[in-house]
Amino acid sequence: MGSGPPSLNFLSIPYSLTHSWPRVRVPAPAPGTAGVYFSNAGERLHELDGDPPGPPEELRNAHHSVQDHIEVFVMDDTVSDLKTQLFEREKEIEALKKKLELTEKQSTPVLEKQERVVNLPPLEPITSLNNDDIMRYSRQLLIPELGVKGQIALSNISVLVVGCGGLGCPLAQYLAAAGIGRLGLLDYDVVELSNLHRQVLHSEQAQGQPKALSAAQSISRLNSRVQCVPYQLQLSRNNALQLVQQFDIVADCSDNVPTRYLVNDACVLTGKPLVSASALRMEGQLTVYNYKGSPCYRCLFPSPPPPETVTNCSDGGVLGVVPGIMGCLQALEVLKIASGQESSLAQQLLMFDAQDGRFRSIRLRSRRLDCVVCGEAPSVTELQDYEEFCGSAATDKCRRLNLLNREQRVSVQEYKAILEHSVPHLLLDVRPKVEVDICSLPHSINIPLASLEQKKEEHMALLQEKIYELKQQMNNTSPVQVFVLCKLGNDSQKAVRLLEELTGGGELELKDVSGGLMAWAQKIDLTFPQY
């Protein structure tokens, strides 16, 4: 006879005594037995008497023959009632889960992303506010500078947001909350985990989803009265004019130089005001271009900077709250223009320093009469190839430089082979210390590129010391092999060039590790951190 559950009485009876009893669905508590739980043995054993044919499946063993015995466990009424209640609650919980899942699906806005530019129908004119509008916007309706007239104006305005990232997310969020009539949300990229610390419209669940669609869904949940048009496409010379001319105001939230020139020229050619912001590390900037005679982007920057001098968030990093602040200020300027107020930043540049907690504003030059796009005799009358003009790709991804020839570079696979064969060499990591603290290869020495450029004595002495030690180990006159490494293989190329100039290249054999640590993480050590 097997043992039953604690605190329960049990008895074991031969199956032959129960052959005519009805089938009950019960678990088998021990090998060679079948178990049944009842609250009252006297009542329930009699109820087992019942219909053929033969013994029920629950009382058979693995070979389909009848168990030798069944165990009948006797529970008191309290335990039985509790089990019944628990079963009912579990069914209720399961039903509620299904209802919640269905409700969430129904409440998620059904939006289709646009993969090409199409002509949008005009906004349906709004001439008054209904009760829901008055309640929703009541706190800003009380502001004399806005009022009912300004709120109605917002409802009839359309804004194109170029970039749904760190700037575009807070900008679009506050424009939607304020009641802008239509938002065009343009971004070709998808949501990644590294976006979430600053791109607040996206979520963990949205990873891999188009940013434009993710942002539009979040905004529609915030304010369903706002028309959201998500564009998952790359802005180019072929589609920018058709897109920009369909919106009243354009907000540039991009993170690359070619797109800034493209958006500027499209706004000038279509006569649209451009509210432009940027954020990097602990700093931000904001201004308004092409608004009531103010200068355009080309007036200030007639020529693009060299690609190798441009830093973006992927390269230099950014504290998430900084683009949040700048995006909110960008939204403020859009709302002022949309509601008929004067922009305070036309021909002004607002600069924010998060480290010092200071804002300052400087006056910009006036519109250039000889500007090639907004001047008196413009030479740019149509959009051009901006990647060729700027010498860089229209993307916020890290740019890949090619400063060295093939003989001066090794792949991460080739460097791995050098490690495996224990070839004497020096591995120089030229990243800033803050990046080395994130991750590094254990056999590397860290001398930042900036220290090499400044020829800092302590770092130059360290490099000479390591080279001397390696020469002593080699005990020959062969050049010392120095492999230079960084995050992506850009700064390491600059360092190779610089070291060649500093040393003359005679005693050192300098090589760049192509692709840097991120290539190492993707191709050699999949457990190595990526950032």
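Cβ coordinates are placed from backbone N, Cα and C, and glycine is handled just like the others.
What TrEMBL says about this protein:
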ACT_SITE  Cys313  active site, glycyl thioester intermediate
ACT_SITE  Cys486  active site, cysteine persulfide intermediate
BINDING   Gly166, Asp187, Ser194, Asn195, Leu196, His197, Arg198, Lys211, Asp255, Asn256  ATP binding site
BINDING   Cys296, Cys299, Cys371, Cys374  Zn(2+) binding site
COILED    79-106  coiled coil
DISULFID  Cys390-Cys398  disulfide bond
DOMAIN    421-529  domain 'Rhodanese'
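Feature map: annotations from TrEMBL on the structure.
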| residue | record | Cβ contacts under 8 Å, 6 or more apart |
| --- | --- | --- |
| Gly166 | ATP binding site | Asn195, Arg198, Gln199, Cys253, Ala279, Cys313, Val318, Gly320, Pro323, Gly324, Gly327 |
| Leu196 | ATP binding site | His202, Ser203, Glu204 |
| Asp255 | ATP binding site | Gly163, Gly165, Ser278, Asn312, Cys313, Asp396 |
| Cys296 | Zn(2+) binding site | Asn264, Cys267, Val268, Leu274, Tyr289, Asn290, Arg367, Cys371, Val373, Cys374 |
| Cys390 | disulfide bond | Val257, Pro258, Tyr261, Pro304, Pro307 |
| Cys398 | disulfide bond | Asn312, Ser314, Asp315, Lys487, Leu488, Asn490 |
Which residue counts does DSSP give the domain 'Rhodanese' (421-529) for helix, strand and coil?
49 helix, 18 strand, 42 coil
Given a 10 Å Cβ-Cβ cut-off, pick out the one of the recorded positions Cys371, Cys486 that has the most other Cβ atoms nearby.
Cys486
What's the CA to CA span in angstrom from Cys299 (Zn(2+) binding site) over to Ser194 (ATP binding site)?
35
Are there residues of the same chain, six or more positions away from Ser194 (ATP binding site), whose CB falls under 8 angstroms from its CB, and which are they?
Tyr531
If you count the C-beta atoms lying within 10 Å of each candidate's C-beta, which of the recorded positions Cys313, Cys374 ends up with the smallest number?
Cys313
Other residues near the Zn(2+) site, CB within 8 A of the CB centroid of Cys296, Cys299, Cys371, Cys374?
Val268, Tyr289, Asn290, Pro295, Tyr297, Arg298, Arg367, Arg368, Val372, Val373, Gly375
Determine, from DSSP, whether Cys299 (Zn(2+) binding site) sits in helix, strand or coil.
helix
Quick one: average pLDDT across the domain 'Rhodanese' (421-529), no decimals.
93
Taking 10 A as the limit, how many CB atoms besides its own sit near the CB of Arg198 (ATP binding site)?
22
For a quick check of packing: other C-beta atoms within 10 Å of the C-beta of Cys299 (Zn(2+) binding site), how many?
25
